[in-house]
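> The following block contains the structure, expressed as structure tokens.
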């Protein structure tokens, strides 16, 4: 198999792809990270000399920058799905799968929310705002 047979690129948006929770899952929408991983392995494993594939869940970082727990968690689960696809499609005796991060973030919760306060969305109630003079 020549190098020409295995060169490919998939571009599914003009900029960043959508967060998993916002992704259009229809036929005209973006593929999931797991779908892209599956297709990449299907193509690359035809090379009998092996291959290198890097899969990135880059929107996890973006959602952390905006302190958006819901998007961070759903994109982390999407990355987990992609890792599971890779594990299912490869053999441990001839494949090294490394899952890592180039840096980390923490969730920060401002104020003193009460126990049971939802972290994945708004309360749906009008909050009483008190102005301090």
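The backbone N, Cα and C atoms fix where each Cβ goes, glycine too.
I grabbed these lines from TrEMBL:
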{"type": "BINDING", "residues": "56", "note": "Mg(2+) binding site"}
{"type": "BINDING", "residues": "61, 65, 102, 103", "note": "Zn(2+) binding site"}
> Helix, strand or coil by DSSP: which one applies to residue 61 (Zn(2+) binding site)?
helix
> Please report the distance from the Cα of residue 56 (Mg(2+) binding site) to the Cα of residue 103 (Zn(2+) binding site), rounded to the nearest angstrom.
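Residue 103 (Zn(2+) binding site) has its Cα 13 Å from the Cα of residue 56 (Mg(2+) binding site).
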> 10 Å Cβ neighbour count around residue 56 (Mg(2+) binding site)?
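The answer is 11 other Cβ atoms.
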> Excluding near sequence neighbours, so keeping only residues 6 or more apart in the same chain, what lies with its CB under 8 A of residue 103 (Zn(2+) binding site)?
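Correct list: 61.
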> Other residues with Cβ within 8 Å of the Cβ centroid of 61, 65, 102, 103 at the Zn(2+) site?
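After dropping the recorded site residues, what remains is 60, 64, 101, 104, 105.
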> Between the binding-site residues 61, 102, where is the Cβ count within 10 Å the lowest?
102
> Which residues in the same chain, at least 6 apart in sequence, have a Cβ under 8 Å from the Cβ of residue 65 (Zn(2+) binding site)?
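Sequence-distant Cβ neighbours: 105.
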